[in-house]
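Just lifted these from Swiss-Prot, have a look:
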| type | residues | note |
| --- | --- | --- |
| DOMAIN | 17-207 | domain 'Glutamine amidotransferase type-1' |
| BINDING | Gly66, Pro67, Gly68, Ser146, Leu147 | L-glutamine binding site |
| ACT_SITE | Cys96 | active site, nucleophile |
| ACT_SITE | His187 | active site |
| ACT_SITE | Glu189 | active site |
Amino acid sequence: MSTAQPAGADAVRDDLRVLFVDNFDSFTYNLVEYVSEHAETEVVRNTASLDDVEAFDPDAIILSPGPGHPKNERDVGVTLDVLREVSPDVPTLGVCLGLESAVYAYGGTIGRAPEPIHGKAFPIDHDGKGVFAGLEQGFQGGRYHSLIADDVPEEFVVSATTETEDGTELVMGVRHREHPIEAVQFHPESVLTAVGHDVIRNFLAGL
């Protein structure tokens, strides 16, 4: 459990409308459940059009986890277009494939993780800002991925990392320097993530 109350925990608006872009992942509705504690939610599949996304006129967008690689349109659908065309104006949170897509959409590279991880918790070191405001250092984050952000574009700061057994640092969070885009590689909605509700609440409190 979190040992610190996140900054802005009581500041979530009661009229928020959050749109999920579902990358066909079993975790999507766990995320929806978390967000539904604070906001009205709507889910569209990544096969939706950009017009569909814009027509919803959300206060925020969450890009779900999912299988595949962001270079493949069949895996991410409208996700990259959302990141490039909508997210500069609409606060956006990417999770797992959502992070990989954000990095890829802005010119970064995505490679293979040193080892595939599915359902293990790792300590997350972070900068204490944005979705990490008020959270303890080294909280346990549930990881489920075989890809990793290898080269993060200059438009982003690396906001969170974890280390492998040999000391290799892996990107676990990014934040755009100008646009309201944040993303995490771990899964806030996993039972393995000790502060998952706090991460979501911090994102919503920042709207």
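Glycine too: its Cβ is placed from the backbone N, Cα and C atoms.
Give me the local environment of each listed feature.
Long-range Cβ proximity for Ser146 (L-glutamine binding site), meaning a same-chain Cβ under 8 A and a gap of 6 or more residues, is found for Arg112, Ala113, Pro116, Ile117.
Its own atom aside, the Cβ of Cys96 (active site, nucleophile) has 26 Cβ atoms within 10 angstroms in the protein chains shown. A coil conformation is recorded for Cys96 (active site, nucleophile) in the three-state DSSP classification, outside any helix or strand.
In the three-state DSSP scheme, His187 (active site) falls into the strand class.
Here the Cβ of Glu189 (active site) has 24 other Cβ atoms within 10 Å, regardless of which shown protein chain they belong to.
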Determine the most Cβ-crowded residue among the binding-site residues Gly66, Gly68, using a 10 Å radius around each Cβ and all protein chains in the structure.
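Of Gly66, Gly68, the one with the most crowded Cβ is Gly66.
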If one looks at the chain holding Leu147 (L-glutamine binding site), which residues at least 6 apart in sequence have a CB under 8 angstroms from its CB?
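Residues satisfying the criterion: His69, Glu100, Ile110, Gly111, Arg112, Ala113.
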Determine, for the L-glutamine site, the additional residues of the same chain whose CB lies within 8 Å of the mean position of the CB atoms of Gly66, Pro67, Gly68, Ser146, Leu147; present them in sequence order.
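Result: His69, Asp75, Cys96, Leu97, Glu100, His145.
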